[in-house]
Amino acid sequence: MLRLLVFTSLVLYGHSTQDFPETNARVVGGTAVSKNSWPSQISLQYKSGSSWYHTCGGTLIKQKWVMTAAHCVDSQMTFRVVLGDHNLSQNDGTEQYISVQKIVVHPSWNSNNVAAGYDIAVLRLAQSATLNSYVQLGVLPQSGTILANNTPCYITGWGRTKTNGQLAQTLQQAYLPSVDYATCSSSSYWGSTVKTTMVCAGGDGVRAGCQGDSGGPLHCLVNGQYAVHGVTSFVSSLGCNVSKKPTVFTRVSAYISWINNAIASN
């Protein structure tokens with residue numbers, strides 16, 4: 001159930017079956033963060049039996065709304081979000097547990113065609129989050145903002161710490177500078193798999209997203225402020241941390257109008 005798209009569908013786009021996107025991301029090559037370093041980060045969890053399990057990340061964008069990846073909520077399951085969490089396996093005393101009341105997936109999302117984009121969803125919570133030093137709203141970029149190449153960014157999440165490894169118990173972060181579209185869409189990188197509605201970051205072969213990071217934020221520093229410019233979407237099927245295969249994110253600035261309309265109409 002851990003999600004981070006592995007691009008299994010890339011063969012449909014002229015790629016060999018040995019290198020395709022995978023949608024189950026976690027932070028590889030990262031470090032544990034101190035508590036409340038990224039207070040807009042949430043853990044999206046699904047219920048199985050009487051227990052809850054982490055499946056994806058997400059960002060609190062309104063007191064009753066969370067932004068995540070569409071592929072995280074494809075299945076018909078019962079979800080909740082955990083805000084203010086740090087260690088998934090213990091009670092930090094700062095958590096807020098809120099049920100997901102409604103899931104709004106982008107209408108153009110197609111789980112059989114990840115390369116088309118639209119890997120974004122917003123979740124309406126059953127009650128409003130209480131904002132404090134551990135739970136804050138994420139800052140979204142202005143509509144249409146394009147990151148300059150090598151913009152400082154951090155991915156955060158509880159995803160696997162290495163390809164085929166275990167989930168992290170404490171929240172991790174990894175420095176992933178942005179890779180501009182011209183570079184990321186070149187033949188030696190992702191080629192035509194990457195679209196202008198996506199953001200690439202990393203690709204050094206050391207640090208990356210991995211299974212369990214999906215849906216979580218890419219925090220980028222622009223004009224002195226960190227904003228959530230990406231929603232973690234997919235990595236290469238060859239592994240999470242493959243050189244010249246940056247982690248790929250949904251570009252939040254391409255969907256600001258959709259986000260606002262989805263919230264207003266739901």
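Each Cβ is built from the backbone N, Cα and C atoms, and glycine gets one as well.
So that you can see what the record holds, here are the features copied from Swiss-Prot:
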type	residues	note
ACT_SITE	HIS71	active site, charge relay system
ACT_SITE	ASP119	active site, charge relay system
ACT_SITE	SER214	active site, charge relay system
BINDING	ASP85, ASN87, GLN90, GLU95	Ca(2+) binding site
DISULFID	CYS56-CYS72	disulfide bond
DISULFID	CYS153-CYS220	disulfide bond
DISULFID	CYS184-CYS200	disulfide bond
DISULFID	CYS210-CYS240	disulfide bond
DOMAIN	27-264	domain 'Peptidase S1'
CARBOHYD	ASN87	N-linked glycosylation site
CARBOHYD	ASN241	N-linked glycosylation site
SIGNAL	1-16	signal peptide
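Positions of Swiss-Prot features highlighted on the structure.
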residue: ASP85; record: Ca(2+) binding site; Cβ contacts under 8 Å, 6 or more apart: ILE42, SER43, ASP92, THR94, GLU95, LEU171
residue: GLN90; record: Ca(2+) binding site; Cβ contacts under 8 Å, 6 or more apart: none
residue: CYS153; record: disulfide bond; Cβ contacts under 8 Å, 6 or more apart: LEU147, TYR175, LEU176, PRO177, SER178, ALA201, LEU218, HIS219, CYS220, LEU221, HIS229, GLY230
residue: CYS184; record: disulfide bond; Cβ contacts under 8 Å, 6 or more apart: TRP190, VAL194, MET198, CYS200, GLY203, PRO246, VAL248
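Using a 10 Å Cα-Cα cut-off around CYS210 (disulfide bond), the recorded positions HIS71, CYS72, ASN87, ASP119 reduce to an empty set. Under the three-state DSSP scheme, HIS71 (active site, charge relay system) falls in the helix class. In terms of Cα distance, the recorded positions that sit within 10 Å of HIS71 (active site, charge relay system) are SER214, chosen from ASN87, SER214, CYS240, ASN241.
A straight line from the CA of SER214 (active site, charge relay system) to the CA of CYS56 (disulfide bond) spans 5 Å. For the recorded positions ASP119, CYS240, ASN241, a Cα to Cα distance of within 10 angstroms from CYS72 (disulfide bond) holds for ASP119. Looking at CYS56, CYS220, the disulfide-bonded residues in this record, the fewest other C-beta atoms within 10 angstroms of the C-beta turn up around CYS220. Mean predicted confidence for the domain 'Peptidase S1' (27-264): the pLDDT average there is 95. For the recorded positions shown (SER214, ASN241), fewest C-beta neighbours within 10 angstroms: ASN241. Take the mean position of the Cβ atoms of ASP85, ASN87, GLN90, GLU95, the recorded Ca(2+) site; other residues of that chain with a Cβ within 8 Å of it are VAL82, HIS86, LEU88, SER89, ASN91, ASP92, THR94.
Taking Cα separation as the measure, ASN241 (N-linked glycosylation site) is nearest to CYS56 of the recorded positions CYS56, ASN87, ASP119.
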